[in-house]
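This report concerns only the one structure given below.
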Amino acid sequence: MKLKIFTKNSPDAIEFSKYVKNLAENLGFKITENDPDVVLVIGGDGTLLRAVKDGIPILGVKFGRRSALLDIRPENIKEALELLQKNKYTIEEYPMLEAKSKNINTIAFNEIAILFNNPETVYGSVNIKERKILFEGDGVLIATPQGSWAWSYSATRVLLHKDINGIEITFINPIIPNIKALIIPQTETILVKLEDKGRTQNVRVISDGEIVGNLISKEDEELTITLSKRKAKILRFFNLIEFDGLFT
């Protein structure tokens, strides 16, 4: 079996990754950068975000300050690798979002964010079927269930259980807080538009913390967000307690 090791950029994690590499090779695994069967992630949820989007199964070692989804502790890595050899694991799948405009094509594990580029409010709309919801504030987040545990949680203090087939729309610091958050089915298509503010708006589009492009109102750009056909896959060897790691 071919393993790729993806490590958090910290001295402790890098040193631990050397130990894991030797351990895996001694157990008969082949370490590779290309076409792996499993990606072994050493870090926290931020490291996971950078490794998970290709849909290759993830073996995650909790080596970060906070991790809600990586459940293998460093002292259990040998046991996990031995279980991997014996195919004694389950695969947990997580939904991802796809966002497209004429200049943007991205996949997000946690969330898509539309945020101001300058220190002023964003005036726009979220369109779902025939329903148009206007908003003005710092922006809007479109989050998966696992994404509701992250940035969206900071704004709403609401957690969406991973088994709920929903998408959470969060309005960030709205001027008129008539709607703070909205949960819709994952089957819906979401269209985000910039509305007429009397001057050109230029806002950032952010996918899992990375700026992937801009929307400009004068060009009448729209961002379409749908459920991706691609699933993130995380291998489970032990029981993961829901929401464990979020508050510690």
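Numbers run from 1 along the shown chain.
Just so it is clear, glycine is given a Cβ too, placed from its N, Cα and C backbone atoms.
As annotated by Swiss-Prot, active site, proton acceptor applies to Asp45, with the evidence given as sequence analysis. If you look up Swiss-Prot, you'll see Asp45, Gly46, Arg50, Asn110, Glu111, Asp138 marked as NAD(+) binding site, on the strength of sequence analysis.
Feature map: Swiss-Prot annotations on the structure.
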residue: Asp45; record: active site, proton acceptor; Cβ neighbours (10 Å): 24
residue: Gly46; record: NAD(+) binding site; Cβ neighbours (10 Å): 15
residue: Arg50; record: NAD(+) binding site; Cβ neighbours (10 Å): 15
residue: Asn110; record: NAD(+) binding site; Cβ neighbours (10 Å): 26
residue: Glu111; record: NAD(+) binding site; Cβ neighbours (10 Å): 25
residue: Asp138; record: NAD(+) binding site; Cβ neighbours (10 Å): 20
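Between the CA atoms of Asp138 (NAD(+) binding site) and Asp45 (active site, proton acceptor) there is a gap of 25 Å, rounded to the nearest whole number.
In this record, NAD(+) is bound by Asp45, Gly46, Arg50, Asn110, Glu111, Asp138; the longest C-alpha to C-alpha distance in that set is 25 Å.
For the residue listed as 'active site, proton acceptor' paired with Glu111 (NAD(+) binding site), the C-alpha to C-alpha distance reads 13 Å.
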